[in-house]
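Asker: Feature list, courtesy of TrEMBL:
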SIGNAL    1-18  signal peptide
DOMAIN    82-419  domain 'Peptidase A1'
ACT_SITE  98  active site
DISULFID  111-116  disulfide bond
ACT_SITE  304  active site
DISULFID  340-374  disulfide bond
C-alpha cells in the first residue's frame, strides 16, 4: 500500500536502525476499508485541484540578505504531503517535506523494486564531482514505517541545494531497496526535525541534517522557518500573511528524556508543544495525558507538515465528539462521523490562545453509503510510548501561520509560533455553506458505515520508553544540538524583539502558463512567479540511455503553493 495513498500512512516516522534513538510511531496502519480523501479547503474558499503535477522552482525573490530564497512546494496529487525540488550535486529531485523526521533520503539507480520503477533516481553510474563516499558506501541506512513498509540503502555525501541555500558534503541516504510508493515522481523525503531524530547522524560521526547544519553553521539570518497553508499566495511573511508580528503566540518546545543509556540529560527530539485544551462551541475540555505523572499532567502535540490530518488519544477524541449531536465512532481504528449539516465549531488551545476550526475545516467528506454522515477530524490513535498524545497536521496548520524557531545553544530554547490567519474574524458557517463545500470538493468517501453503535475501545497504555528518572522540561536552555551561539537571541528576552525578525519579499511576475495534465488536457493558469525548467533525476547533458530511466523535463510553475525559505528559513506554504 502506498505510504501516501491511505489516510493512516502519510509520512510515518522514520525508525532508526542499529541505533538507540527511538522515533515515536505516528499514524498507525488502517485495519478497515475506509480510505479518506484530504481536501485543502477552508471557510468557503475551494482549493484549486486542477494543476496536476505543476510546480515552481523560483530563486528570483528579493530578500533582505543574500542568505535567503523562495522555493515553492506542491501539494501531492493524493493530498497527503507536500514536496519541494532540491538539487543534489547537479541533479534535481522532488522530495516530500517532513518536520517529524530529520534525514534526507533519495532513491538511487541501484533500487529495482516495484516502488522505484518510473521514479527519478540518483544515477550511481554518474561520476558527480561533488559526491563523496562514506566508508566505501558500506554505512547502512534503514527507515521503517508503521504500515510495515520501509527503505534501506547506504549513506553518502553530496552537495544539497534548496533554492539558493547550499550545504556542501551533506550526509544523505541513497536508497537501494524500497517498498514505499511515492506519488508525483517524488524520489524521497527531506526531514526538517531535530538532529536527535536522525539515524544518519548516529551512524556517521560529525554529520548533521540539512536544516540543522544551516543553523549550526550560522548560514541563516536567524535559525527558523515559517509555514502558511493559506488559500492564496501570501508573499512575504511580514506583509502578506503576518500583519502584526506581536500577535504571534509563541510556545516553548518540549524536551524529551533520553532513551535508556542514550545519555544522562534531556534534549530536543520533536517539534512538540503543550496542548492546553480543546472544545466544541463554548464547551472546553482539558486533555488527559497518557503519562500524567511523567509529563506533569501535560499533553504534548507534535506539529507535522508531513501529516494531512489531526490525531489525538481515544480518551480526548471521544470526549470531544461527545459534544457534537449525532457524532459516533464508526470503526475501531479511531474514525468518528458527524452529521454533514453540523454548524458546530471546534477549537484547539495552545497556551492561552484559541484556534477555531469551522465545519469545512474539520469535515473530511460524507460516506457514500450514508451521505448524511461525514467523516471528521480528529482521528483517534493508540497511545504513543514517548508521551506524544496529539499530532497536528495540515487540517489545522492551514488555519495558522506556523513558525519553527530552532533555538540557540546556551541562549534560547526552540519555539513554535502560531499566528491566526483569520485573526479578528467572526465566521459562522451555515448548513448551506457546508453543503456547498462538500459538493464542490467531491469529497464523498467510498464506504458504508456500520448500522450499529461501536463502543469506544479501551486502550492499554504501553510502557514509557524514555528514562523517566531524568526530568524533561518545557523550553529548557541547552548547550548543544541547536543553532550556533553566535546568533543574538530574539526570543530569549522578556519582550520579543520583533524588528529583529528577518523577512523576505518575492518579486511577483505575472506569467500565463499552459500545463498538460496526466490525461493530456491543457490547463491555462496565471503564476505570480517566474519559472524555470529542470529535468528530474538526470545530470545535465548526460546520456544514460539503457542505464537509467530518465523522466522527461517538466515546466515548473504553480501559483497555488509557495515555499518561502528566508535566511531565517522562513517557509511560506500557500495553497490556492
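The chain as shown is numbered from 1 upward.
Here the Cβ of each residue, glycine as well, is placed from N, Cα and C on the backbone.
Mind running through what each feature is packed against?
Answerer: Here the Cβ of residue 111 (disulfide bond) has 24 other Cβ atoms within 10 Å, regardless of which shown protein chain they belong to.
Of all Cβ atoms in the protein chains displayed, 28 besides its own lie within 10 Å of the Cβ of residue 304 (active site).
Note on residue 374 (disulfide bond): other Cβ atoms within 10 Å of its Cβ, all shown chains, come to 26.
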Asker: Restricting the comparison to the recorded positions 98, 111, 116, 374, which residue's C-alpha is spatially nearest the C-alpha of residue 304 (active site)?
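Answerer: Nearest in space to residue 304 (active site), counting only the recorded positions, is 98.
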Asker: Non-local Cβ contacts of residue 116 (disulfide bond) (under 8 Å, 6 or more apart, same chain)?
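Answerer: When sequence neighbours closer than 6 are ignored, residue 116 (disulfide bond) has 107, 175, 178 within Cβ distance under 8 Å.
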Asker: Rounded to an integer, what is the Cα-Cα distance in Å between residue 374 (disulfide bond) and residue 98 (active site)?
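Answerer: Rounded to a whole number, the Cα-Cα distance is 28 Å.
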Asker: Which whole number is the mean pLDDT over the domain 'Peptidase A1' (82-419)?
Answerer: 90
Asker: Between residue 111 (disulfide bond) and residue 98 (active site), how many Å separate their Cα atoms?
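Answerer: That separation, Cα to Cα, works out to 22 Å.
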Asker: Hey, what's the Cβ neighbour count for residue 340 (disulfide bond) at 10 Å?
Answerer: 23
